[in-house]
Amino acid sequence: GRLLACLLLPGLAATDFTATVLHTNDVHGRFEQITASGTRCTKQAAEAQQCVGGIARQKTVVSQAAASGANVLFLNAGDYYQGSIWYYVLGAPIVAEAVNYLAHDAMALGNHEFDRGAEGLVPLLTESRVPIVGCNVDFSEEPTLKPLQPKPSVVVERAGIKIGLIGYTTMNTTYLSSPGKVRFTDEAECIQREAQRLRREEGVQVIIAVGHSGVPRDLEICERVPEVSLVVGGHTHTFLYSGPTENGRVSGDKPQGPYPIVVDRAADSRCLVVQDFYMGKYMGNISITWNQRGEVVRWSGQPVLLDRSIPEDPDGIALLDRYRDRVAQSQASVVAESKVLLDGDKNRCRLDECNLGNLVMDAFLKKMASLPSPQASWTRVAAVIANAGGIRASIDEQSTGGRITFEDVVNVLPFGNTLVEMNVTGAQLKGLLEHGVHRHDVKGYVPPAELVLAAGLRVVYDIQREPYDRVVEAHILCTECRVPRYEPLEYARQYRIAALSYIVHGGDNFDFSFVKPKDMYDTGFQDAEIVMKYMNSTSPITTALDGRVTFLKTNQASDACLNLASPFLVLLVLVVFYHL
């Protein structure tokens with residue numbers, strides 16, 4: 001076996017080799033510093049040195065590591081697009097300028113890089129000087145991108161050792177974003193194929209995969225591809241950390257696993273998986289030693305909190321200053337005031353009711369009620385629905401002095417989705433609610449993004465039941481009534497609803513194929529604009545939790561099952577019929 005390894009790895013060093021891998025993922029447009037909770041860094045917070053992150057601090061960490069004499073690699077695992085006023089106003093060109101300034105050794109494409117279609121990716125691919133890699137991304141059927149096909153990998157050299165950096169992007173991009181005719185193939189298959197080619201044809205000794213598919217998929221890559229010794233991942237915003245904590249947290253963040261996750265394989269082979277949370281708050285930092293066979297023998301390191309102890313690089317500040325006036329025209333306008341924290345934390349909004357989700361959905365329902373409605377109806381639709389993954393940030397009333405700005409709202413809703421009207425039956429609506437909780441698992445690495453946020457609906461779930469049979473009870477607002485009230489959802493009855501365009505078009509794997517396109521009406525009303533107007537008209541904001549979503553505990557679930565009786569049997573029959 002050792003002889004075969006030497007034949008596979010020509011030019012292998014006679015001694016162990018050590019390199020420091022710095023990495024980020026899911027920066028989501030946070031080019032300048034933010035608060036520890038991810039909200040905008042106000043002037044007061046900046047003066048008090050309470051803010052973290054930003055590309056200028058990233059650059060300082062990379063420069064300091066290189067100056068120490070270490071063999072440094074700096075990688076990014078995708079999703080620079082979306083999530084901030086900077087991207088909202090400036091788009092892809094600011095991303096290209098930022099990555100050129102940071103000078104990653106390689107970066108992968110995330111699913112959000114495709115949010116503005118094929119055309120939205122062109123500026124990054126044409127203006128970036130950073131190698132963008134993707135072995136499972138096929139542009140051949142997409143005319144706009146065909147000439148810009150990324151290479152599957154790039155080879156860099158450190159201390160005479162050749163290192164292969166192979167990129168990949170989640171196959172789910174097809175329904176998570178708007179990639180047009182771009183195809184995404186199996187990550188592990190293409191990584192193994194490229195790894196074997198790199199060793200055979202280019203004499204590469206160390207193989208690192210960098211990409212955007214999430215921790216569960218990254219673990220699978222480690223298990224299926226023995227050539228890979230390190231996977232630098234993204235997509236799931238997972239905070240891996242093994243250092244000291246205060247009350248189980250680091251800067252307010254609860255670690256979701258060790259850093260790195262170690263996958264032990266046969267014959268003393270192991271593979272490491274790392275991820276760096278999201279929004280550029282930390283810099284992933286791992287030092288790895290490989291032996292003569294290109295296998296990991298030891299490692300050390302932790303994500304570095306990019307706080308005030310790390311100075312901001314002047315060139316990074318100067319880069320942002322060139323665009324600050326353009327951004328500021330939209331950035332600072334005050335929309336409303338809030339008396340409460342508007343909680344958009346993904347570990348709450350994707351797992352349970354959250355008050356920011358309630359506010360957004362109430363704004364949508366109010367907008368629809370303001371439009372002309374059928375005779376005898378007080379509103380145009382009975383309910384509105386969206387996916388919890390569309391809530392991208394909180395609004396912290398303490399750090400902002402209670403003022404909500406245009407920037408704050410764009411940080412929450414950066415995607416520019418619209419509301420789409422349609423008629424659905426109660427059974428079809430229940431099917432959408434079931435899809436929202438079919439992967440619900442509070443213990444998982446990945447809080448699923450598809451939990452249904454709603455206004456005009458009150459839903460009770462029992463997660464102990466089998467997927468697609470978890471809706472215990474649902475009530476919906478009456479529309480042909482002078483005093484709005486919640487009534488039991490009737491599965492055979494037709495209802496008029498509005499849904500966010502993202503899920504209507506298949507986002508988060510929602511299926512609206514039961515509605516013909518000609519029977520859908522896209523209102524054209526954009527989510528962030530609706531919410532800003534609603535906030536302005538209802539200021540000061542005091543949105544609370546109101547019980548519109550309930551997850552039963554085990555004893556409650558038993559009682560609920562006893563009380564459902566014949567309506568429950570009807571529900572079962574309709575669900576079976578719907579899924580045939």
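Cβ coordinates are placed from backbone N, Cα and C, and glycine is handled just like the others.
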Can you match one of HIS23, HIS212 to the Zn(2+) 2 site that Swiss-Prot gives for ASP79, ASN111, HIS235?
HIS212
Do you know which of CYS481, CYS561 Swiss-Prot records in a disulfide with CYS478?
CYS481
PHE277, PHE415, PHE525, PHE551: which one does Swiss-Prot list with ARG350, ASN387, ARG392, TYR502, ILE503, VAL504, HIS505, GLY506, GLY507, ASP508 for the substrate site?
PHE415
Let me check the 10 A CB neighbour count of VAL504 (substrate binding site). How many other CB atoms are there?
23
Residue, out of the glycosylation sites ASN172, ASN423, whose Cβ gathers the largest set of other Cβ atoms within 10 Å:
ASN172
For HIS112 (site 'Transition state stabilizer'), just count the other CB atoms lying within 10 A of its CB, please.
25
Nearest of the recorded positions (HIS112, CYS481, VAL504, ASP508, ASN536) to HIS235 (Zn(2+) 2 binding site), judged by Cα-Cα distance:
HIS112
Distance from HIS28 (Zn(2+) 1 binding site) back to CYS51 (disulfide bond), taken between C-alpha atoms, in Å:
17
Coarse DSSP state, helix versus strand versus coil, of TYR502 (substrate binding site):
helix
Listed in sequence order, residues with CB under 8 A of ARG392 (substrate binding site) and six or more positions away:
HIS28, GLN82, GLY83, GLY344, ASN411, VAL412, LEU413, PRO414
Using a Cβ cut-off under 8 Å and a sequence separation of 6 or more, which residues in the same chain sit near CYS349 (disulfide bond)?
ASP343, LEU356, GLY357, ALA388, ILE391, LEU451, LEU453
